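Chemist: Just passing along the structure, written as structure tokens.
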Amino acid sequence: MRARSGVRSALLLALLLCWDPTPSLAGVDSAGQVLPDSYPSAPAEQLPYFLLEPQDAYIVKNKPVELHCRAFPATQIYFKCNGEWVSQNDHVTQESLDEATGLRVREVQIEVSRQQVEELFGLEDYWCQCVAWSSSGTTKSRRAYIRIAYLRKNFDQEPLAKEVPLDHEVLLQCRPPEGVPVAEVEWLKNEDVIDPAQDTNFLLTIDHNLIIRQARLSDTANYTCVAKNIVAKRRSTTATVIVYVNGGWSSWAEWSPCSNRCGRGWQKRTRTCTNPAPLNGGAFCEGQAFQKTACTTVCPVDGAWTEWSKWSACSTECAHWRSRECMAPPPQNGGRDCSGTLLDSKNCTDGLCVLNQRTLNDPKSHPLETSGDVALYAGLVVAVFVVVAVLMAVGVIVYRRNCRDFDTDITDSSAALTGGFHPVNFKTARPNNPQLLHPSAPPDLTASAGIYRGPVYALQDSADKIPMTNSPLLDPLPSLKIKVYNSSTIGSGSGLADGADLLGVLPPGTYPGDFSRDTHFLHLRSASLGSQHLLGLPRDPSSSVSGTFGCLGGRLSLPGTGVSLLVPNGAIPQGKFYDLYLHINKAESTLPLSEGSQTVLSPSVTCGPTGLLLCRPVVLTVPHCAEVIAGDWIFQLKTQAHQGHWEEVVTLDEETLNTPCYCQLEAKSCHILLDQLGTYVFMGESYSRSAVKRLQLAIFAPALCTSLEYSLRVYCLEDTPVALKEVLELERTLGGYLVEEPKPLLFKDSYHNLRLSLHDIPHAHWRSKLLAKYQEIPFYHVWNGSQRALHCTFTLERHSLASTEFTCKVCVRQVEGEGQIFQLHTTLAETPAGSLDALCSAPGNAITTQLGPYAFKIPLSIRQKICSSLDAPNSRGNDWRLLAQKLSMDRYLNYFATKASPTGVILDLWEARQQDDGDLNSLASALEEMGKSEMLVAMATDGDC
């Protein structure tokens, strides 16, 4: 009340000073002369301008805060707090003169005490603002809010001690006490402040948690969460983290020698628990440190002589012989050989003949034996030389013959490449000649006849050879045609004719661009035959889409397939434009091989080009055919490396901070947040043989049948839009039509085959040509998911062309599992018009490329408000974490916590999920449950809820 009376008295005083009591007559001066109607007026004084405005302040304990205001030109400055004028006595005023302008500068100061702030009732904070007067009017300053600063003593959540194995992730949670201003949080490791910029193994999340990416032995320490603001500093209880190492066995040592050198014994081997040794309380190695086994060592047997043989007849040299062998027993198992001589001789004439009488063990007593050995060795040497000479002669003959054939093949391959031919001595190429690109097709003879004189591009280097394999090169290439030129037309650069399709397996079309011969072959030499080269080529429009995107983002979609790529706003750097594409790989060879109970659950999808810099994750959506039941599946995402082999990216529910992506699994699709573009496929592995795949069964028949035979094709496909679309396109080329709407079938991991059979055939007019009662598709053909258009054909025959009605039942079931029955009734004379065309040409969404704001359901202004409101951690948990929980995206929150805007990434994922819905109801419901009513008002104002 006193403040108001003071202000009134000040205003009254100002009015009295400005009031002139002297009356005056308009247009008459004091002498009675008529005055002019107007005088030149002085320039009007400007409105007050604030040089200093009051700033927000906090009252610490009982110390009042000072608020300052400075303005010019100003005759008066007063403070107004919470709508009431502050007493003039509480103002401290200073005046000065601005030397530059000569105007008077007025500065006012007041103090606000804790008591004044506490006496305020209501939800609004205590505020003050300045009001400055001049002769031209008044000006108000900004509002300055004054709050009582505090910091509670108790933490909402304190870190807990943990024992973790080496190289595992560690999460220490901390929720600081409530305070004004909001407390800043830092972590201490053994009383040293943790700086993630210096040690990247540490990560501080946006909600103040500490994450150790891979625990090291050096990370064993005491960790403390510290919260501080201008009032106080609080420390949490210390959490001790122990990084332990479980012991591991070393390799087994070699087996020791057998304990007995002869007969039965024992031998053992040992290992030590040192690979690694247990540390910090880690578990000791499980198992035995040594192994013992029985051994049997075969005893050695020494050789012994047999009895001497009888003496031989007396020879011309007056001697006879006898022999013995070391065979009683022979030496075995390392036993000693017999000692002594093999042969023995003596004079057989009782001394009548003494010529050359020597014993055989005398080396000089066998001159004939020595000469015989020399002759034998000489003969062997001569034989070796003869064999070598014959082999060399044969080799020379074969080499010359191969050279002639090779030269002819080179000539033929050059002619095939250049379009020319030889008028004489033309030899048909061998079918197995690897130098020819197209051995089974005749050369292109549209070029002028004669021998080609220009350079020959025979593609003989290893980098130029195009292998004839089932690699991904053969399937996606769209009609690579090679133009060939004669020497007479090289100068003009025009080709004479188009060559045959490369490898003879490509669909019709032309190679992009108008290349000359040299440029084209240079491209073949420099380009890689891997996936990166193929991605630049034109593709089937039904399985490929591309677009140019900037920083505003957009969406690529393949209609009728469930495959899309969402590029969020800000994912592409400012000022850059990327040509992005999305492609479904149809070839079976582009799918990874299934091992064990693994199965391919989605199509192989390529988004590219790879290696682009992305500022935030993009969202790739692919359909899958898994019946999602918790605990039945082990899901994996795999990517194709540059060498063509597949590598695991992530196993769901086993993510760590180093995982480069996040998978949001829905009932029939999977949304993948990616930092890198590439080729991806979603796979699953049955856990304890309880997993179930969703299949769809489709029956096709010929649209027009003019013969007695009639066939039914029963397809067993993965329950994805991609699989059905491929079969519809295939049947359209075969002239078939869909007899009945596809039906679902649950296929269990039970090793049981899929059985198909026909029933209730009208035998009076039809008969089945199938000898057996049923057909079966092996379990692994269905389960692995890598075989496209899997089907069985039932061939029937009608007795006459007059039989145009056909009815039967088709039963498809898994042995000891579920099944489906089709009741068919068709008229052969009626051709269903356009049934497949309607299915193939009417996808759920015909738009393939959406750019900028048109691709998103949430307007950018609403998105920014939601992010600014939910990104900051809230002690009540009413932030992005609760939003993720409400939207069922909280499977691994640490992925979002590492992003600059967790809310933005969650909204990107929501955008990918809501591609077909097109409204904001689910998001609005989540925000309403969170109590974010101001966001609902913004959505109702700016959006189209």
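Cβ atoms here come from the backbone N, Cα and C positions, even for glycine.
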Chemist: Just choose from C273, C295 the cysteine that Swiss-Prot connects to C285 via a disulfide.
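Modeler: Looking through C273, C295, the record in Swiss-Prot gives C273 as the partner of C285.
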Chemist: Of C69, C81, C174, which cysteine does Swiss-Prot list as the disulfide partner of C130?
Modeler: C69
Chemist: Based on the record in Swiss-Prot, give the one of C258, C262, C338 in a disulfide bond with C299.
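Modeler: Of the listed candidates, Swiss-Prot names C262 as the partner.
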Chemist: For the feature N-linked glycosylation site in Swiss-Prot, which residue out of N347, N486 does the record point to?
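Modeler: Record lookup in Swiss-Prot returns N-linked glycosylation site for N347.
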Chemist: I'm validating the feature mapping. Which of 441-459, 669-687, 707-725, 878-896 is tagged region 'Interaction with DCC' in Swiss-Prot?
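Modeler: The listed stretch tagged region 'Interaction with DCC' in Swiss-Prot is 707-725.
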Chemist: Please identify, among the disulfide-bonded residues C262, C273, C295, C299, C348, the one with the smallest Cα-Cα distance to C174 (disulfide bond).
Modeler: C273
Chemist: Using a 10 Å radius around each Cβ and counting other Cβ atoms from all shown chains, which of the disulfide-bonded residues C69, C128, C174, C314, C348 yields the largest count?
Modeler: C69
Chemist: Round to a whole number and give the Cα-to-Cα distance in Å for the pair C225 (disulfide bond) and C285 (disulfide bond).
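Modeler: Distance between the two Cα atoms comes out at 36 Å.
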Chemist: I need the CA-to-CA distance for C353 (disulfide bond) versus C285 (disulfide bond), whole Å please.
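Modeler: With distance taken Cα to Cα, C285 (disulfide bond) is 87 Å from C353 (disulfide bond).
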Chemist: Out of C69, C273, C299, Y581, point to the one nearest C258 (disulfide bond) in space (Cα versus Cα); all of them are recorded positions in the record.
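Modeler: Checked the recorded positions C69, C273, C299, Y581; minimum Cα distance to C258 (disulfide bond) goes to C299.
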Chemist: Tell me the Cβ neighbour count for C262 (disulfide bond), meaning other Cβ atoms within 10 Å of its Cβ, over all protein chains shown.
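Modeler: Cβ-Cβ neighbours of C262 (disulfide bond) within 10 Å number 12.
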Chemist: Tell me which of the recorded positions C69, C81, C273, C285, Y581 ends up closest to C299 (disulfide bond) in space, Cα to Cα.
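Modeler: The smallest Cα gap between C299 (disulfide bond) and any of the recorded positions is with C273.
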Chemist: What does the DSSP secondary structure composition of the region 'UPA domain' (689-838) look like, as residue counts for helix, strand and coil?
Modeler: 23 helix, 73 strand, 54 coil
Chemist: For the disulfide-bonded residues C225, C338, C353, which one has its C-beta crowded by the most other C-beta atoms within 10 angstroms?
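Modeler: The residue with the most neighbouring Cβ atoms within 10 Å is C225.
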Chemist: Would you report the average pLDDT that the model assigns to the region 'UPA domain' (689-838)?
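Modeler: Summarising the region 'UPA domain' (689-838) by its mean pLDDT gives 88.
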